[in-house]
Amino acid sequence: MMINPLIYLHYNYTGKLDHRPTVGTSPGTRDPKTIAFLVVCSFIILENLTVLLAIWKNHRFHNRMYFFIGNLALCDLLASVAYLVNLLLSGEKTLQLSPVLWFVREGSMFVTLGASIFSLLAIAIERHLTMIKMRPYDASKNYRVFLLIGTCWLVAVLLGALPILGWNCLGNLPDCSTILPLYTKKYVAFCIIVFIVLLLAMSVLYARIYILVKSSSQKVSKHRNSEHAMSLLRTVIIVVGVFIACWMPIFVLLLLDVACERPCPILYKADWFIAVAVLNSAMNPIIYTLASREMRRAFLGLVCGVCYRGNGSGNDSGNKQFQEPSRSRSKSWSSQTHPNQSQQSSRPAELDREQETGHGEISVVAGGAAQASQREGEGGNGGR
């Protein structure tokens, strides 16, 4: 294919042609850095695919919070796919792309990033609404989850499609970004400001949720529920903190790109900043498994099930090994959907669920805190 003169013009104007990595004499030769990134992306795809399979195959995970976790895993998986495609179409192939393909290549990264941030914010909004309304979990209200998830993706796609719809710097070279030569600096600044504002709003909502949970739990049991609230806080800090730690460097770099009148040398090292951001997609599944014993058991059951199936024996015993310990806990998930059934066993099941789950804590903590006053009344009636 021939070099596209428009792409060449923008890359030459921003100085990216002079800072491109040297390529071997053989066509299609890739440097070790790119190969390493491709391997990492493949691992991230497999990792998040395992999360999605674990949630899909385990009915006890079919509730609001795990739907949100599944959506985050889907965002991470698609982000890795987008970055992998970006790598495969980079280097020599970049100059051969049409402007439309270039916008699709870069816009897909913005779409998955936006979907991840909007999904984290949707989790905070859904938990906050549940706490404010003080209602227990109701499986019939799952439509609200899918509505939020659909809205997240719709807004993310619209945000990522703005450049291809006309908000770009084609024909206006002085306004072009150095890192993204066909993007106008105004669009880059707009996206980063929106993302940072959303992260701040998310932090405020999670802080308010924690305060509500802690104040409600102290009315019931100062010891056990305070530990539960602190565990919730730690989980939230890990999820949001890792996201901010991974993405903030590239946000700062893009803001520097907007502010610099002349290209700064560090802007030509953006690949490393993007790689750190993509690592967030690898960290999330690790957080899920470390924070939730249920998730660990589901992963082990899934992996060992594949191993047993490959060996052709022991499949049934392997599945029983990982399914039997969770039967008693699955009752607690069903009791959350039908709170009027077996009220005498609801409190032990809830305490067991609080101890056994990490991210699961987030899904039940709103219901547990919302029923705090009801449990006090039940405890008083039992004492009489």
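The backbone N, Cα and C atoms fix where each Cβ goes, glycine too.
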Selected residue, Swiss-Prot feature N-linked glycosylation site, from candidates Asn12, Asn311: Asn12
Ser215 vs Cys304, membrane side identical per Swiss-Prot: yes
For Asn12 (N-linked glycosylation site), the number of other Cβ atoms found within 10 Å of its own Cβ: 14
Whether the transmembrane segment (272-292) meets the transmembrane segment (65-85): three or more C-beta pairs under 8 angstroms: yes
Residue distribution over DSSP helix, strand and coil in the topological domain 'Extracellular' (257-271): 10 helix, 0 strand, 5 coil
Listed stretch, out of 65-85, 187-207, 236-256, that has the most CB pairs under 8 angstroms to the transmembrane segment (35-55): 65-85
